[in-house]
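Novice: Would you mind keeping the following structure in view while I ask a few things?
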């Protein structure tokens with residue numbers, strides 16, 4: 001096998017770390033609450049610390065990779081993520097775990113940026129879609145694999161294992177990248193853009209904090225409004241600074257390239273659909289159907305199968321037809337899969353669920369590979385790190401906003417449909433708070449009728465979420481058909497791919 005494919009393997013291993021960690025923690029939160037005595041607020045910060053640091057450091061991480069060198073920065077990011085995982089595994093308090101999660105977020109910002117940025121330097125235009133498919137599928141695979149791996153570890157080991165599993169993977173990835181990845185960086189590195197780094201970091205943290213907190217605090221609450229407003233103001237200042245400085249951290253002119261902009265929009269739309277699916281379906285399987293975390297994760301496997309098949313098909317279509325046709329087709333398939341999922345009922349057979357999960361996964365694979373190929377093909381070689389970071393930052397904010405909006409939508413649909421008349425005030429409040437709370441109340445009261453009511457209300461909420469994401473995917477398909485060029489209008493100046501075939 002040519003050496004460049006071994007390089008791809010090392011990059012894929014590093015990306016799997018972040019994809020797996022994005023969802024593996026969800027199944028461990030109840031155990032963390034019991035063993036560490038973590039409050040609800042602390043549990044939220046265990047999740048949010050990772051997300052906020054990741055979002056805030058994406059743009060500086062990409063710019064640093066361009067200036068210092070992508071190989072040393074990626075190795076450093078993997079090491080930071082691995083050490084953070086080790087600290088998280090042996091945390092004795094919730095506060096220490098929050099700090100460790102923040103450290104992991106810093107490493108993840110690098111890992112999400114650099115692997116995609118180096119691919120055009122290693123693979124030519126015909127091989128690039130296959131390489132992109134490998135990296136994007138690895139990231140996507142980690143999302144549904146998280147509950148499976150986490151559920152198995154919690155059933156057989158202690159909760160720290162959900163973090164400790166990252167350590168051997170991180171060591172292997174760091175060694176592989178160090179040995180195999182050829183060096184690449186800007187030929188004439190510009191000075192570090194400190195004001196741009198500060199403005200972008202604080203602005204992204206402010207905006208992402210606002211959208212993450214909005215479902216629980218309320219969209220009009222003071223912390224959300226203040227954080228969101230300050231974050232947007234800082235990002236506006238970042239844009240103004242980048243336009244006037246002689247050595248900008250990010251080349252904002254990329255946003256004027258249709259393939260970059262609309263490829264990013266398409267990839268963000270596809271990930272929005274994935275996050276929406278993973279937001280509502282696991283709760284349906286666990287709370288409504290009664291499966292444990294491991295059983296829930298196993299029943300999400302059709303998403304992985306569809307994702308792999310879709311990405312494989314997209315590789316060939318992208319080389320032959322360009323980006324537009326596979327992207328539009330993929331978004332239409334996503335819309336069809338989610339629309340099919342919206343017909344689900346409380347007692348629907350698993351075969352139906354597996355069918356639409358696989359179809360949606362295929363649409364995801366069809367969309368993300370050509371969309372990211374279009375994006376990477378538009379970024380000049382010397383700005384690959386910062387350009388990739390820009391599209392990942394847009395996807396991160398879009399994903400966080402999507403989950404927040406879908407969470408609020410699901411909550412409103414659930415409470416609006418749930419009939420709690422006749423229940424004591426405390427029981428009614430617990431039932432309206434969440435589907436898990438509703439089922440707990442039904443068990444405590446020994447009321448099958450209430451359990452059926454709660455299940456029906458949640459399925460209604462899930463239907464609303466799936467139809468909303470299907471509509472967004474359909475709108476994305478229309479926009480991609482109208483605005484996304486099949487191929488670049490002109491070649492982007494870049495060096496030839498590094499020859500590492502031997």
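Note: Cβ is positioned from N, Cα and C throughout, glycine not excepted.
Unlike curated entries, TrEMBL annotations are predicted automatically.
According to TrEMBL, the record shows the following:
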- 7-488: domain 'Major facilitator superfamily (MFS) profile' (DOMAIN)
- 43-65: transmembrane segment (TRANSMEM)
- 72-90: transmembrane segment (TRANSMEM)
- 131-155: transmembrane segment (TRANSMEM)
- 161-182: transmembrane segment (TRANSMEM)
- 194-212: transmembrane segment (TRANSMEM)
- 218-241: transmembrane segment (TRANSMEM)
- 262-285: transmembrane segment (TRANSMEM)
- 297-314: transmembrane segment (TRANSMEM)
- 321-341: transmembrane segment (TRANSMEM)
- 353-376: transmembrane segment (TRANSMEM)
- 397-414: transmembrane segment (TRANSMEM)
- 457-482: transmembrane segment (TRANSMEM)
Novice: Give the one range among 161-182, 218-241, 262-285, 457-482 whose Cβ atoms make the most pairs under 8 Å with those of the transmembrane segment (353-376).
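Specialist: Stretch with the highest Cβ contact count: 262-285.
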Novice: Can you work out which residues elsewhere in the same chain, 6+ from the ends of the transmembrane segment (397-414), have a Cβ less than 8 Å from its Cβ atoms?
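Specialist: Tertiary neighbours of the transmembrane segment (397-414) are 51, 55, 204, 207-208, 211-212, 214-215, 219, 268, 271-272, 275-276, 279-280, 432, 435, 457-458, 460-462, 464-465, 468-469.
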Novice: Can you see whether the transmembrane segment (321-341) and the transmembrane segment (43-65) are touching - at least 3 CB pairs under 8 angstroms, only pairs 6 or more apart in sequence?
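Specialist: In this chain the transmembrane segment (321-341) does not contact the transmembrane segment (43-65) - fewer than 3 Cβ pairs sit under 8 Å.
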Novice: Using Cβ atoms and a strict cutoff of less than 8 Å, what residues sit near the transmembrane segment (262-285) while being 6 or more residues removed from its termini?
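Specialist: Hits for the transmembrane segment (262-285): 23, 26, 140, 143-144, 147, 291, 295-296, 299-300, 303, 323, 327, 330-331, 334, 338, 341, 344, 353, 357, 360, 363-364, 367-368, 370-375, 378, 391, 394-395, 398-399, 402-403, 406-407, 410, 435-436, 458-459, 461-462, 465-466, 468-469, 472-473, 476, 479-480, 483-484.
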Novice: Under 8 Å, at least 3 Cβ pairs, sequence separation 6 or more: does that hold for the transmembrane segment (72-90) versus the transmembrane segment (161-182)?
Specialist: yes
Novice: Should anything in the same chain at least six residues away from the transmembrane segment (161-182) have a Cβ under 8 Å from its Cβ atoms, list it; otherwise answer none.
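Specialist: Residues 3, 6-7, 9-11, 13-14, 16-17, 20-21, 24-25, 27-28, 70-71, 74-75, 78-79, 81-82, 85-86, 88-89, 100, 118, 121-122, 149-150, 153-154, 498, 500.
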Novice: Residue list, the transmembrane segment (457-482) vs rest of chain: Cβ under 8 Å, 6 or more residues beyond ends.
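Specialist: Sequence-remote neighbours of the transmembrane segment (457-482) are 262, 265-266, 269-270, 272-273, 276-277, 279-281, 283-284, 287-288, 324, 327-328, 331-332, 334-336, 338-339, 341-342, 344-346, 363, 406, 409-411, 413-415, 417-419, 435, 438.
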Novice: Which bits of the chain, at least 6 residues beyond where the transmembrane segment (131-155) starts or stops, bring a Cβ under 8 A of a Cβ in it?
Specialist: 8, 11-13, 15-28, 31, 112, 115-116, 119, 122-123, 161-162, 165, 274, 278, 282, 292-298, 300-301, 303-304, 307-308, 311-312, 314-315, 364-365, 368-369, 372-373, 376
